[in-house]
Amino acid sequence: MNVIDHPAHGSIIYHPSILPLHRGASAINWTLIQGDKKAGFSIFWADDGLDTGPILLQRECPVEPNDTVDSLYNRFLFPEGIKAMVESVQLIADGKAPRVPQTEEGASYEGIQKKSNSKVNLAQPAEAIHNWIRGHDKVPGAWAVIDGQTVTLYGSSMLGESVPAGQPLEIEGASQPGVITKNGLVLYGSDSKALMVKNLQFEDGKMISAAKYFSSGDTASVELTDDEKKMAEEIRDIWKGILSNVAAIEETTDFFKSGAASMDVVRLVEEIKQKCVGLQLQNEDVYMATTFQDFIQMFVRRLRGEDQEEEMVIDYATKDVNNMTVKMPWQCFINGKFEDAENGKTANTINPADGSVICKVAYASVGDVDRAVAAAKEAFEVGPWGRMNPRDRGTLLYKLADLMEEHQEELATIESIDSGAVYTLALKTHVGMSIQTFRYFAGWCDKIQGKTIPINQARPNHNLTFTKKEPLGVCAIVIPWNYPLMMLAWKSAACLAAGNTLVLKPAQVTPLSALKFAELTVKAGIPKGVINIVPGSGGMVGQRLSDHPDIRKLGFTGSTPIGKQIMKSCALSNLKKVSLELGGKSPLIIFSDCDMDKAVRMGMSSVFFNKGENCIAAGRLFVEESIHDEYIRRVLEEIKKMKVGDPLDRSTDHGPQNHKAHMEKLVEYCEVGMKEGATLVYGGKQVDRPGFFMEPTLFIDVEDHMFIAKEESFGPIMVVSKFKDGDIDGVLNRANDTEFGLASGVFTRDINKAMYVSERLDAGTVFVNTYNKTDVASPFGGFKQSGFGKDLGEGFTLDTVILECGSYRILWSVMNRFPFIFHCLPFS
């Protein structure tokens, strides 16, 4: 209390309940367990009691029927709690903070639950059972006894009048048997109402989808008919014929541990198919069920047709546009299926060309993220993806690339209407480079190698030391809105080639091409759970991915502030690996001895490519004084020729900005530039037409201290500063005077000058006499606050790219005298 009372204004505490109800450390849990209709928080003055001090401020919200601890916290208790703490501090500062004594009427204190006392009482109404399960999810976990073992229940939700058909399951203490359905485990309360449980965890720690209880191998088995038992004995004879070294084929006999090889797999499959004409059996099935009892269970289910994959059902949003009908999935894609968000919420996605609604898109919740991660984890740990031969994995990725090429016009149209990209650019770059990326990494699948390391031998022993590169597991990918499909490809192709599974969050404003991509992955034969797409907000979906303990790596492209928050969350949660491609303010230096025609053309491209929504865009041009005025005159001529308009018009040069808020930010950016004294030569305003169109803009006389000289616009705004003739070191100092280091460029005919400048520019990529040239085989990434980690190229096989300090990759072009791209790769 000496510490608490020491500050001049005392101390205040945030507590996640409406005090005096639910004092103690598990307040949110008990709000749900006791079925409260209202949740909320209190900010109170600290005293020497346990959550008993005078109330300063309280806020409340309704508890939704299927709320969880996570959803309550993320929807209300955290964001509104932050605001309320700020308000409380201001009230104290103003001398207006109340001190309302707590009443003891209705007061309660509940302790932290333990596993031993969290067993579900199934002899009560369904809502009470639901509240108990969701209040204990995820720790310590509510449990019941099923088939003699403790099974923990996760992911509860109330059901309406209709209960799906399924297979009954006896549960100790239940008023009537549960039902295993295709959606999960249905439990009945004493009032005959029902609830659904999504996941089950067994005593050994293994977690499965409740829908798979009867097909989970070691948890339950199907009963064989007399005819099926005869067939099982015939298969036992086939096993005996192959495993001639084994005295008897027992239920636990393992096919491979008994000496079988890949040729024996082929023989086993073909002998059984010869006996059972029409049976769909693959070599992979033997690898998934290696013991005799598991193989028979798989065989019988396959014979009955129980293991057949359901045909994918897609509720398309359709649109007649660009001389075609585009069919766009809009739901979450989890475990190989399109389905509504858990809470049923949707959000509109907008066409930036006219501001109209394209369609509604699922707005994922924390629960959806958890289901997606669980599906990806199961696909990695027990699915065929992790056990597949790398070359077979590559074959699937090649097939996926072929399907993307087959649908490239539809994908490009979706990119254009959802992101505002000019169709011709979307076709060539957004989609074209995505296809190239998947083909490139498909070829890497069987070429990821470790190495042997000679070490000193401890005589007389001889040791072999070798390294092996292994997949990490479940990876999360959070992509931006400027290149929706291409950023998906850059991040996910390498991830999949290495054998990982993934959960991807597309940008909230551009989700459609990612969901169309998900559809193509199913057609390509990518196993379910390997790829999951959860559209939604960064604050909820992105944050949960950062925090999730089962994710082993997160790749993010976006702003530096959000990148810092993600890195912090990843560290605090489970020290997951992180790769970040963040903001930039890439300098482009144009010397007086440049090829003027090329410098003008490439300078335009460096700024206005993809409407300026380009991570490596030249954020600031430095033009040598003697050519400055001529350069500006010629650039202005070219800007005036640019056609701004419908991105689906093949002659359009410049489409709309991605979304309204971004366009408004660009207008404000220009206003700040003018206010600080920069000269606006052209543009600076929104185009007077429907949609989110920004005029191509040109600023000159930009001084180093100005806002527009330091901050990235991420739009079609050329910012030009001049430098004195011959002052190479001076302009280098100015170019490097930024916290960013993603890309840079230099135009000169002097190769010595080009090398001198390139070596001293602090950027991940240096373009010389070219710009915006990227290739799937060449590593991409930045320095300083532009992030770390590399996309593309061979570097994806390493945790960090390792090269000799001072080594560079130079890409030469035979088209011109010596344009090249200079990639600086950090020594680690």
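Note that the numbers count up from 1, one per residue, in the order the chain is shown.
The backbone N, Cα and C atoms fix where each Cβ goes, and this holds for glycine too.
Per TrEMBL, the features are:
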{"type": "ACT_SITE", "residues": "HIS15", "note": "active site, proton donor"}
{"type": "SITE", "residues": "ASP51", "note": "site 'Essential for catalytic activity'"}
{"type": "BINDING", "residues": "ASP51", "note": "(6R)-10-formyltetrahydrofolate binding site"}
{"type": "DOMAIN", "residues": "226-303", "note": "domain 'Carrier'"}
{"type": "BINDING", "residues": "479-481, 505-508, 538-543, 558-559, LYS665, 712-714", "note": "NADP(+) binding site"}
{"type": "ACT_SITE", "residues": "GLU581", "note": "active site, proton acceptor"}
{"type": "ACT_SITE", "residues": "GLU581", "note": "active site"}
{"type": "ACT_SITE", "residues": "CYS615", "note": "active site, proton donor"}
Take the C-alpha atoms of GLN543 (NADP(+) binding site) and the residue listed as 'active site, proton acceptor' and report the distance between them in angstrom, rounded.
-> 17
Report the same-chain neighbours of LYS505 (NADP(+) binding site): residues 6+ apart in sequence with Cβ closer than 8 Å to its Cβ, ordered by sequence.
-> ALA364, ALA476, ILE477, VAL478, ILE479, ILE533, VAL534, PRO535, GLY536, GLY538, VAL541, GLY542, LEU545
Would you pick out, from the recorded positions HIS15, LYS665, the residue whose Cβ has the largest number of other Cβ atoms within 10 Å?
-> HIS15
Taking DSSP states H, G and I as helix and E and B as strand, how many residues of the domain 'Carrier' (226-303) are helix, strand and coil?
-> 49 helix, 2 strand, 27 coil
CB contacts under 8 angstroms to GLN508 (NADP(+) binding site), restricted to the same chain and 6+ apart in sequence, sorted by sequence, are ALA347, TRP481, PRO535, GLY536, SER537, GLY538
Cα distance, GLU581 (active site, proton acceptor) to MET540 (NADP(+) binding site), nearest Å?
-> 21
Between the Cα atoms of PHE714 (NADP(+) binding site) and CYS615 (active site, proton donor), find the distance and write it as a whole number of Å.
-> 7
Relative to the Cα of ASP51 (site 'Essential for catalytic activity'), which of the recorded positions HIS15, GLU581, CYS615, LYS665 have a Cα no more than 10 Å away?
-> HIS15
Which same-chain residues, if any, lie at least 6 apart from GLU581 (active site, proton acceptor) yet have Cβ under 8 Å of it | PHE556, THR557, CYS615, LEU742, PHE780, GLY781, GLY782, SER786, GLY787, GLY789, ASP791
Which whole number is the mean pLDDT over the domain 'Carrier' (226-303)?
-> 86
By Cβ count within 10 Å, point out the most packed of the recorded positions listed: ILE479, CYS615.
-> ILE479
Do me a favour and check the Cα-Cα span between HIS15 (active site, proton donor) and LYS665 (NADP(+) binding site); whole Å is fine.
-> 37
Around the Cβ of PHE714 (NADP(+) binding site), other Cβ atoms found within 10 Å total 24
